[in-house]
Amino acid sequence: MCLSALILVSLAAFTAGAGHPSSPPMVDTVQGKVLGKYISLEGFTQPVAVFLGVPFAKPPLGSLRFAPPQPAEPWSSVKNATSYPPMCFQDPVTGQIVNDLLTNRKEKIPLQFSEDCLYLNIYTPADLTKSDRLPVMVWIHGGGLVLGGASTYDGLVLSTHENVVVVVIQYRLGIWGFFSTGDEHSRGNWGHLDQVAALHWVQDNIAKFGGDPGSVTIFGESAGGESVSVLVLSPLAKNLFQRAISESGVALTAGLVKKNTRPLAEKIAVISGCKNTTSAAMVHCLRQKTEEELLGTTLKLNLFKLDLHGDSRQSHPFVPTVLDGVLLPKMPEEILAEKNFNTVPYIVGINKQEFGWILPTMMNYPPSDVKLDQMTAMSLLKKSSFLLNLPEDAIAVAIEKYLRDKDYTGRNKDQLLELIGDVVFGVPSVIVSRGHRDAGAPTYMYEFQYSPSFSSEMKPDTVVGDHGDEIYSVFGAPILRGGTSEEEINLSKMMMKFWANFARNGNPNGQGLPHWPEYDQKEGYLQIGATTQQAQKLKEKEVAFWTELLAKKQLPTEHTEL
């Protein structure tokens, strides 16, 4: 192993060198040879072969902007796959902040961004000289379909501890990934098509890395969980995976799936200085823009932000998944009702306080010490219509139910955030789980209830199970970073074991683990935290309340969420 590669990995949690083969790992993919590096986790003799920045599609530049991904071009020399690829274009400041908040690494890596970003990272503990066939776990990152990247998530611990091949993929984001004119000129969902292309690449190549293409689990968090859910529903992803895990995000998650995004396309065109007369004119003009110009448009869209002063109906904080007739032939709720989807074993979970701190902070909600009476709450929820998709008269009924204190008593802010968390995450996750169960597929649910020690110091101690908190456990942050309690290390080991057992055989249960009941008509689920135990009927009352309320007060326009 070369000295520079050693320096890269000689961090506190690693030891590089002992027990490594004499030469770095090399794999011959369909497109050409890739050279990786060996890394060992402290205390483990078996090294993991790591390949970073492996291309799975042609760079989506020029005429391939707003077009389906094309297979990567072959190469004749050996491609060096030992450094992190650039992340897909996004707001660089927010992208770096989110990376630093969510990463399981100890070290911080300065991020690079590019439109040329269709790469994946592979972590394999397999002996590449033998024909191992290990389970494959493909991670799809979150970030509201506008932020995030592969290299935030180091697969070393999960791969080492559970003897699985971990693949972390990237996909086009924001305007680049989801711009849709609603017709043949730019159907949209380019980012999801990138995810499908990455899964095809895994089918064609992962056996060379010691992975079993017949045992692929897709898992993701937030918009990554929504992406997993979309792929479960999509005919394009049939037979590309055998199991699925959605953490804090499903295809019914508010704001992330729309029937029609034409108004947003026209707004993007106008901000970019393009005429929005016809679809062809918009697409042609936007393809001429530099990536920096489109980044300027992205920043002007104020993605992920609550606009407290403008017209909320004109607000577009997401560039969402769209009903395109190809990836999504119908709206998610219709596909679920028809039971015509990929009925693979499925874990769906939420965190106890999904709208506890990180999301309201990023979206510019007032800080927790702001006094909140019912009138202020009503105003905030009206401004949140982009996220909640609630008719105005439903908001008043919901406030009556959730905000039980007429005047400010200190609890109203928490109750408002609970309301938003239920609408955006809790209720949709239960409805998707029920639909999956009713289609006859093995389904498991969890609620994560733990406050990791790696959280930002700015997060209030009262927030337990914030959005994204489970990622630290799933990717072994307590082991990789060190300096944490035995309880937190054991929680991480347990969650990795649950996830990997599920990847191995479609059932998370195993020796030495608390029993996780299947989500059947009794609706048993697992509460995961300092104490992990079975419970029943997650969010049952909330689902009943919102289902009944929205049935009575159906929106006259599109109804995309609950």
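Each Cβ is built from the backbone N, Cα and C atoms, and glycine gets one as well.
Remember, it's a predicted structure, so these values are computed and weren't measured experimentally.
Feature list (source: Swiss-Prot):
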type: ACT_SITE; residues: SER222; note: active site, acyl-ester intermediate
type: ACT_SITE; residues: GLU354; note: active site, charge relay system
type: ACT_SITE; residues: HIS467; note: active site, charge relay system
type: DISULFID; residues: CYS88-CYS117; note: disulfide bond
type: DISULFID; residues: CYS274-CYS285; note: disulfide bond
type: CARBOHYD; residues: ASN80; note: N-linked glycosylation site
type: CARBOHYD; residues: ASN276; note: N-linked glycosylation site
type: CARBOHYD; residues: ASN490; note: N-linked glycosylation site
type: MOTIF; residues: 559-562; note: motif 'Prevents secretion from ER'
type: SIGNAL; residues: 1-19; note: signal peptide
Give me the count of other Cβ atoms within 10 A of the Cβ belonging to ASN276 (N-linked glycosylation site).
18
Using DSSP and three states only, what is ASN276 (N-linked glycosylation site)?
coil
Can you tell me the CA-to-CA distance separating ASN276 (N-linked glycosylation site) and SER222 (active site, acyl-ester intermediate), as a whole number of Å?
32
Do me a favour and check the Cα-Cα span between ASN80 (N-linked glycosylation site) and CYS117 (disulfide bond); whole Å is fine.
16
Can you give me the same-chain residues 6 or more apart in sequence from CYS117 (disulfide bond) with a CB-CB distance under 8 Å?
PRO85, PRO86, MET87, CYS88, PHE89, GLY149, GLN170, ARG172
Does GLU354 (active site, charge relay system) have same-chain partners at least 6 apart in sequence with Cβ under 8 Å from its own Cβ, and which are they?
SER248, GLY421, VAL424, PHE425, GLY426, GLY465, ASP466, HIS467
With ASN490 (N-linked glycosylation site) as the reference Cα, tell me which of the recorded positions SER222, CYS274, CYS285 is the closest one.
SER222
Inter-residue Cα distance where the pair is SER222 (active site, acyl-ester intermediate) and CYS274 (disulfide bond), in Å:
32
DSSP state at CYS285 (disulfide bond), helix/strand/coil:
helix
Have a look at the disulfide-bonded residues (CYS88, CYS274) and report the one with the fewest Cβ neighbours inside 10 Å.
CYS274
Which is it, of ASN80, SER222, ASN490: the one of these recorded positions whose Cβ has the most other Cβ atoms within 10 Å?
SER222
Including all protein chains displayed, how many Cβ atoms other than that of CYS285 (disulfide bond) lie within 10 Å of its Cβ?
15
Averaged pLDDT score, the motif 'Prevents secretion from ER' (559-562):
40
Per DSSP, ASN80 (N-linked glycosylation site) is which: helix, strand or coil?
strand
Hey, what's the Cβ neighbour count for HIS467 (active site, charge relay system) at 10 Å?
28
